[in-house]
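J.: Below are the structure tokens for one structure; questions will follow.
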Amino acid sequence: MENKFFAAFFLLLVLFSSQEIIGGEGRTCQSKSHHFKYMCTSNHNCAIVCRNEGFSGGRCHGFHRRCYCTRLC
């Protein structure tokens with residue numbers, strides 16, 4: 001009986017510890033910047049260009065280092 005209790009407790013512990021905590025910020029969508037033309041080397045510069053395009057931010061992404069703008073979906 002004690003072994004079954006321990007097994008059930010351990011299973012519940014593993015189950016609850018593997019649950020991801022989801023914040024209230026929602027999903028983030030990405031779109032390639034239309035105004036950032038060259039290789040993206042600075043996330044800060046990318047974010048400034050994206051804010052001027054009406055997005056909430058931006059970051060350099062991918063092998064070719066392109067600027068992708070981000071916003072809440």
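If you go along the chain as it appears here, the first residue is 1 and each next one adds 1.
Backbone N, Cα and C define each Cβ position, glycine as well.
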J.: Quick test of reading the record: Swiss-Prot lists a disulfide for Cys69. Which of Cys40, Cys46, Cys50, Cys60 is on the other end?
T.: Cys50
J.: Look at the disulfide annotations in Swiss-Prot and name the partner of Cys60 from this list: Cys29, Cys40.
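T.: Going by Swiss-Prot, Cys60 is disulfide-bonded to Cys40.
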J.: Can you tell which of Cys67, Cys73 is bonded to Cys46 by a disulfide, based on Swiss-Prot?
T.: Cys67
J.: When DSSP states are folded down to helix, strand and coil, where does Cys29 (disulfide bond) land?
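T.: Going by the DSSP assignment, Cys29 (disulfide bond) falls within a strand, counted as strand.
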J.: Let me know the most crowded of the disulfide-bonded residues, choosing from Cys29, Cys46, Cys60, Cys67, Cys73 and counting other Cβ atoms within 10 Å.
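T.: Sorting the candidates by Cβ neighbours within 10 Å, the top entry is Cys67.
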J.: I need the nearest neighbour of Cys73 (disulfide bond) among the disulfide-bonded residues Cys40, Cys46, Cys50, Cys60, Cys67, using C-alpha distances.
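T.: Going through Cys40, Cys46, Cys50, Cys60, Cys67 one by one, the Cα closest to that of Cys73 (disulfide bond) is Cys50.
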J.: Would you mind listing, in sequence order, the residues at least six apart from Cys50 (disulfide bond) in the same chain with a Cβ closer than 8 Å to its Cβ?
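T.: Result: Ser33, Phe36, Ser56, Gly57, Gly58, Cys67, Cys69, Thr70.
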